[in-house]
Amino acid sequence: MDGTVPYPSRKCLATTVTPSETPTSYSAASKHSEWRDAMNQEYQALLQNHTWTVVPPNPSSNVLGCRWVYRTKLHADGSIKRRKVWLVAKGYHQQPDLDLHETFSPVVKALTIRLILSLAVARGWPLCQIDIQNAFLHGTLTDQKVQKALLQSDVQAKSDKSPVTVADYGSQALVSFVLERELPSDSFSLVAEEDSGDLRKESGQETLQRITKLVNDTIVNDGSFSVPTLTMEDMLRAIDSGKSDGGSHGRHWVLDPIDGTKGFVRGDQYAIALALLDEGKVVLGVLACPNLPLASIGGNRLHSSHDEVGCLFFAKVGAGTYMQSLDGSSPIKVNVSTTDNSEEASFFESFEAAHSSHDLSSSIAKKLGVKAPPVRIDSQAKYGALSRGDGAIYLRFPRKGYREKIWDHAAGCIVVTEAGGVVADAAGNPLDFSKGKYLDLDTGILATNEKLMPLLLKAVRESLEEIPSAL
Ligand SMILES: Nc1ncnc2c1ncn2[C@@H]1O[C@H](COP(=O)(O)O)[C@@H](O)[C@H]1OP(=O)(O)O
Ligand SMILES: [Mg+2]
């Protein structure tokens with residue numbers, strides 16, 4: 001009983017493996033009435049939406065086939081929630097100089113649309129027509145099933161000994177690939193956590209193959225992009241696109257492909273965190289937290305393995321913070337807790353004691369009279385949970401000498417500030433994202449609401465004076 005709130009239950013994760021009844025071909029699916037019904041419904045929806053126009057065959061055109069993709073969605077207890085089917089074009093038959101750059105997919109992911117809309121707003125692009133009838137939000141690297149499958153075999157040791165998985169590289173390659181494809185601009189700049197150094201070595205070849213397969217499978221399953229099969233060289237190139245150093249001029253994307261790798265490996269919380277810097281300021285943030293329950297995780301609430309999980313937070317400067325389920329529910333505006341009573345302000349901190357001093361936060365909590373035990377979870381999911389008021393305070397105190405990276409805080413920071421919160425270092429200064437890859441800050445990071453910040457800063461100052469050895 002060390003006050004840790006273990007989260008989410010492993011039982012819940014254990015139910016996320018693909019059920020054996022999910023078909024992989026049309027002939028298998030057509031033997032079951034449930035799958036026939038699902039295909040029929042989807043087909044009717046495509047017809048109703050006038051997704052295609054039938055034309056006579058043209059001998060100079062490359063006719064692509066299409067195929068069905070099947071997915072079973074489960075409730076947390078393992079029972080079937082929904083059977084999803086997609087009709088996707090066989091984009092891998094597209095030919096260079098003929099139709100390589102055309103899009104034939106009749107489906108689109110709501111998540112992709114949302115990201116693109118945010119981009120359009122941030123960049124001042126004109127929006128002509130948006131017609132989203134069938135929104136699909138499945139089959140990405142943010143998927144719990146992908147997490148589970150990868151955990152079986154793909155944990156590698158980076159040269160700095162921190163755990164890194166095929167998912168880190170795969171997620172970076174995929175996001176980088178999509179951003180570059182959607183933003184055809186000479187000045188595309190991405191600051192991201194991983195580099196391809198280890199993958200270019202002889203010993204990295206098998207991992208590179210796995211990454212390439214994962215990314216190609218994800219693209220085919222998702223169906224939003226009709227692109228030819230990507231090669232290992234494409235992967236290395238996409239990963240290396242994230243080599244930018246950022247800085248105070250121009251626009252830079254900032255990506256942590258899997259934030260909280262240790263949580264990911266443990267089967268707990270992790271996040272995919274993407275932000276946009278404009279002249280050194282964060283103007284856009286998207287935080288995908290596949291294992292975070294949609295219901296509050298704050299205070300003393302008892303969690304159940306039946307809680308639905310998978311949250312997407314997004315924030316644009318001046319426009320607030322919104323949360324939706326990764327399943328594609330309507331977004332809701334979220335706000336930080338407005339409490340000014342520090343005794344009822346429960347707080348978040350790292351699950352890993354090596355990432356943040358639990359002694360220091362315990363001393364601070366005591367000074368504030370906080371009654372609830374700390375909520376310890378991995379990754380920027382903490383910023384997401386704080387932005388919707390699950391708790392009122394986030395404390396982070398790495399050991400002396402640790403340099404914070406911008407990708408670990410950029411998306412989380414705007415998600416909290418746009419929800420009405422304040423994020424500062426231990427001296428009360430706002431975080432400065434304009435200095436390149438690192439945040440040069442004083443001692444630690446705090447997030448709370450405006451009313452509690454002065455009290456919190458005082459408690460932090462006193463605790464740092466009393467137990468400087470905690471860091
Ligand atoms: N020794 C350390 N002290 C503080 N943070 C660390 C340390 N090592 C890694 N991290 C980073 O802390 C973040 C996760 O923090 P949290 O405890 O909130 O989950 C990760 O981005 C992780 O970096 P990395 O992504 O390189 O593993
Ligand atoms: Mg990280």
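Each Cβ is built from the backbone N, Cα and C atoms, and glycine gets one as well.
The Mg(2+) site recorded in TrEMBL comprises Glu193, Asp256, Ile258, Asp259 together with one of Asp37, Asp390, Asp408, Asp425, namely Asp408. Taken residue by residue with DSSP, Asp256 (Mg(2+) binding site) is part of a strand. Only Asp259, Asp408, of the binding-site residues Ile258, Asp259, Asp408, place a Cβ under 6 Å from an atom of ligand 1. Residues within less than 8 Å, Cβ to Cβ, of Asp408 (Mg(2+) binding site) and separated from it by at least 6 positions along the same chain comprise Asp256, Asp259, Ala273, Gln380. Across the domain 'Reverse transcriptase Ty1/copia-type' (49-145), the model assigns an average pLDDT of 62. Ranking the binding-site residues Glu193, Asp256, Ile258 by other CB atoms within 10 A of the CB puts Glu193 at the bottom.
Other residues of the same chain near the Mg(2+) site, with their Cβ within 8 Å of the Cβ centroid of Glu193, Asp256, Ile258, Asp259, Asp408, are Asp168, Leu255, Pro257, Gly260, Thr261, Ala271, Ile272, Ala273, Ser379, Gln380, Lys405, Trp407.
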